[in-house]
Amino acid sequence: MGIPIRSLLVASLVLSSIALHVAAKTLDPYKVLGVDKNASQRDIKKAFHKLSLKYHPDKNKEKGAQQKFEEINNAHEILSDEEKRKNYDLYDDEKGNPGMGAGNFGSHDFTGGGPRTTYFSSGDGWQTMGGQGNSKTFSFSFGGNPGAGGGNPFGFDLGDVFSNMFAGRSMGGSQHGGFAGSGRPSARTSSQHKNPVTIQEVTMQTFNKEIADQGITWLLLFYTQQANGQFVLESVLEDVARSLDGAVRAGKVNCDNEKALCKKNGVSVGKSARLFIYSYSTAEKGSLHEYSGDSDAKSLKTFCQEHLPRFSRRVDITQFNFPSNALPNLPEVLLLSTKKDTPAMWRAVSGMFHSRLIFYDAEDVSLPLLKRFGVKNVPALIGRTVNGEVQLLKDGISVKDLRSGIKELKTLLESFEKKNKKLASEQAKKPAKASEPKENKIPLLSASNFEETCGEKAPVCIIGVFKSNKAKEKLESILSEISQKTLIRGQSYSSGNAITYALLDGNKQSAFLSSFDKSGYKSSDKLLLAYKPRRGRFAVYKGEVSMEEAERFVVSVLNGDVQLSATGQKPVLR
């Protein structure tokens, strides 16, 4: 009866093996993506990006496109994860389970007795390893003996299967999961998969510390595990971050884990992942702008370039002079180049340094003008220190790419900033010279002096509106000090009479204020009103009026950073 039982056991095991073989067989991810086994992560990303765009269900309505798209995503999920890829290369299974779908199944070791020490082959498909004492360890390959006959379609000998099944039990030893046979070899090196651009996982802490109002432009992918399109957008995101490396950084936010961060930024992720850029333009505070264009690198790159910071003021070099006593009192820098528009790398660094330096840029058009600054070759960087000294920081700037260019400019600006801090420190230590205080009385606006002070001849009139004596004294003090400084960054208001200042009694001139606002600003005790009489437009600051905020408001008006409104009617004083 032993023979029938043995036969039944063998048949049962063979059938089980067949079932396992069919169940475990999966498509080769390398073939799905059309890359070789030594492909770098960059090659894999490119292949995935190209195929996912081709077979995306939103764009490809052909039969089988959905299945193909799923196969592409599955292949990318395996090959983009180094651990899964390594497991697949070794075992044909990304989870590290020995697969049975590629013909070579690795080797299993069955050990009895003590630990193994030496290793040798018996030449018959079994491998024998010496052990301590009389114990033996046996190992065989599921791949079978290549030289053996029989043509077994499963690649292993039925006798081996039976022996293997009971070897561990009969020897009273434990089964080990080691694989002595040769799985698929991996010829990739770490350098081949080195990816210089990392899409950073962004948490609330990361966002607050590295992104919010830091002056750096970020591309941010918001997603959930259930959202579609993550891998497509992530691939495009990586390509663009690589091409704009140095100017733009990339990150992704898992809204399943970072619910508070997503809620804080007003981002909800539904069926599809969403891509945003965190940028500044000319605003001091950063904000998110959603990308809604095509999922290709060219379109996204254009979108990024449009949203790079614009803190540098484009000037006409033929009429340019660094403004003296510019506010805020910061060092100033001017980039001369042959570009018709502000260079991308200059826009990027203007964001990084916007609170520490004042930026200008100009297209060089005349050699004689270069001599004025001591420039021999462009691009060139010129700086004006806090004590008014104009100096050439570097000319003939040469860079090989965007990243190296930004690095070079950052180095120059940091060095210039350090020098200015030293100058400012030395100035602070010098004793102040005694001088007679200048009286600069701010006129009270009336019907008799309105035309002279805030009429058509004045490009900009700054009016301090008060409704109490305390408010009047404060506004007069602030405007008196501001009026002695040059608050502009450009040349539009370089003449001495460019800005005029005045005070207005809001209690007595409510009709005048009604021309700007129907309520006549009844709820405000004091406010600042910037009026451009030639254009009939105005802007109002109703917050807490401090010296710093007043200066910021005036500078913003002069630089065009404040939205102006049209007056309801021409203001008239009675």
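Glycine residues also receive a Cβ, built from the backbone N, Cα and C atoms like all the rest.
Just so you know, TrEMBL annotations never went through curation; they're auto-generated.
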- Task: Write down the single range among 287-314, 399-426, 427-454 that appears in TrEMBL as coiled coil.
- Result: 399-426
- Note on the structure: Residues outside the coiled coil (399-426) whose C-beta sits under 8 Å from one of its C-beta atoms, at least 6 past its ends, are 243-247, 331, 333, 344-346, 348-349, 352-353, 356-357, 381, 383, 385-387, 393
- Note on the structure: In DSSP terms, the domain 'J' (28-92) comprises 45 helix, 0 strand, 20 coil
- Note on the structure: Taking every residue in the coiled coil (399-426), the average pLDDT works out to 90
